[in-house]
């Protein structure tokens, strides 16, 4: 999950901070730089594979450092910040949107860290003016929030809550978060404006968004300490009345392996990078994720700690065999581990999380019922791997595979009624077709609770019966009267006559004996 740091370099950030007498004079910009230095040092140690970019803004915005893993470059850019003019946050947010889309597109989740003193700017271009003019805007001048990509917005205010509440700054910043979908948080400094307070504030940001997720990956008797990037977020199930958050456990259990072709392209909730934690006795660091660097690190670990790393073995095996590992991340919650190549020479071990549930991929069936090939009476893939047991065929026929009657427009209903009347005028030759169309309309009307339609069609059939010519076959009158009577009974809603699975059958007649009967 890449991070964009949006640094306010307007004149208001140069305001001096009142510290104890005799101490060095600080500006709010100095406190912001100290907090970001703390954040970058933390990421350099715990988030070495994450990409970070630095954007500075005042009335204009400037990309100081493109997305990089080199935190020394970011630190150097921080130390060389210059001071500019007034604050214009809307233009800066447009800049963030452009920078992220050019590098990552529309689908990559991103974290935006806005560092400012809470000053909204003055006049046109100020945040206050931008929020007041949200509605009457043309399409090409829309406000940049919500971002066109998944994003969390963290606002780091080099100011206390009391300072922000004196004006309407806090209300406007909260409105900013709401425009982005509410995903993010506003942090303010507690107590006196000093280095200790700013470090405490950025520490809270680290706890909320940049805490490493450590876990143990198990496969039978093998295990490996791993770190997952980005940290998996809790998941809420919409179908639950009072949903509780579902968390990924710190014990990840591999339950089996399956070919990539069988897993296909499954729907996933999130994707994460899985890295082995070094086993060196003297150094506790994070692997880089690339095959060559993992192997180099493992070699160094073997020399120092004499302990191979199962995670590296798993990564190489999945890459060579073209398979994925199904992993249980919680109760009735599964994901998959697989090798993904960034380039021809570099590949990473990735984990994608499925929707929670016992059957997240319908074509595989229930995950708990999958088993090894050795337990099957015969190889489900065939002797030469020429076939596959997937996808599983559902026992019940899906509704979208049936000929379902749908009336979206009045013309569709009129067509179905006219079809019945045309067949009614050709009785008895069209008896089977007449009853087939009649039963199709009857079932649809019962499914929709359209009782008036059944009564109306019954009246139409009775009218057709009275309009039969003298030369008409006598059987036509009997069939029309019988069909009309059955539709009227069904229109009452009585379960005896309105059963959905019941069909109206043709009336049996015998004209040779001069009578008729059921």
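In case you wondered, yes, glycine gets a Cβ from its N, Cα and C as well.
Curation does not apply to TrEMBL; its annotations are automatic.
The annotation domain 'VWFA' is assigned in TrEMBL to 3-118. The average pLDDT for the domain 'VWFA' (3-118) in the predicted structure is 91.
Feature annotation from TrEMBL assigns domain 'Integrator complex subunit 14 beta-barrel' to 210-357.
Marked as domain 'Integrator complex subunit 14 C-terminal' by TrEMBL: 405-512. Applying DSSP to the domain 'Integrator complex subunit 14 C-terminal' (405-512) sorts its residues as follows: 67 helix, 2 strand, 39 coil.
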Tally the residues of the domain 'VWFA' (3-118) by DSSP class, grouping H, G and I as helix, E and B as strand, and everything else as coil.
-> 48 helix, 31 strand, 37 coil
